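Worksheet for the structure shown next.
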Amino acid sequence: MAKGEFIRTKPHVNVGTIGHVDHGKTTLTAALTYVAAAENPNVEVKDYGDIDKAPEERARGITINTAHVEYETAKRHYSHVDCPGHADYIKNMITGAAQMDGAILVVSAADGPMPQTREHILLARQVGVPYIVVFMNKVDMVDDPELLDLVEMEVRDLLNQYEFPGDEVPVIRGSALLALEEMHKNPKTKRGENEWVDKIWELLDAIDEYIPTPVRDVDKPFLMPVEDVFTITGRGTVATGRIERGKVKVGDEVEIVGLAPETRKTVVTGVEMHRKTLQEGIAGDNVGLLLRGVSREEVERGQVLAKPGSITPHTKFEASVYILKKEEGGRHTGFFTGYRPQFYFRTTDVTGVVRLPQGVEMVMPGDNVTFTVELIKPVALEEGLRFAIREGGRTVGAGVVTKILE
């Protein structure tokens, strides 16, 4: 299971690609690994096919699952998620984007911003991605430099609309495909040897400089939302996810909180990251935790692992919510008390019933409102927790828990 120990030397930052389908997110992800690998023997190259794994996706050329790759610059170690681009897979986008200290927004220069470009910027805002760097891709397909300036202006405007600092955001122009083709021909191509490869370096520099090393919540009590669970024969059950805060090491007692009627305690018997054993997992790490005496059925996606007593399951809360306009992909009509959408917390959807405050008859798309929610299953909740409101697989609102009621 583990091969060698993961040594922590450089600061670790989580990034990922977002943007419209077929604008080049996966090709760019591959190019980043190739370019970084030419200057650092520790980096493993990944090709488009490696990142775009599941067979049914390849046929349509659409990435569905969230792929994780790693690369390094002289300054930092990066974990990079390639987020699904297709609208049907927003659920993955929500979990994927939640794992980013900064996002690389890929926009095709030939098309300019498209509906999913807007949707992904909105999602990044909702799930709290703090920084965005823009890679304007496919610039080799546009002859008119004025057109490139126009696309850049549109992207900056769009970022401003969703409260990102559109005027300050770095925008790098390049071609992921031409850089990747060059790296395939000459895998040792270094900085300064090819104009397209240099554009990828320009992007890496921008990520290094513009996305700050996150201030990790290491000193808070341990919490990790469970994303996936699997069994390792002879060793037990492993829960994977990104540590939201605190730290965890072998021998620590943790609680499994949410979804189940009872909160249960267990002990962590192993910590792993990228298939290597880790002395200690800290906030921001994507890890697998081996849990003592817990069967595959007793822990599931949507629960959290947490320091005992630090967080409790709740079903009723008050929230401040923004309901998307029709133009933003939201509902076309208003809703009343008794509305039952899904509430997407951390890694899962839970159905809940909305109660509007006294004097509010109806909530319309575009409204900002405070209401109470009663969930059908308990979730590990606390004030300040963000969530998405969804129905029929699409996001119709975004909110934040303002008060726990029960």
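Including glycine, each Cβ sits where the backbone N, Cα and C put it.
Annotated in Swiss-Prot:
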type	residues	note
BINDING	Thr26	Mg(2+) binding site
DOMAIN	10-215	domain 'tr-type G'
REGION	82-85	region 'G3'
REGION	137-140	region 'G4'
Mean of the pLDDT scores, which run from 0 to 100, over the domain 'tr-type G' (10-215):
84
Going by DSSP, how much of the region 'G4' (137-140) is helix, how much is strand and how much is coil, in residues?
2 helix, 1 strand, 1 coil
Protein Cβ atoms within 10 Å of the residue listed as 'Mg(2+) binding site', excluding its own:
28
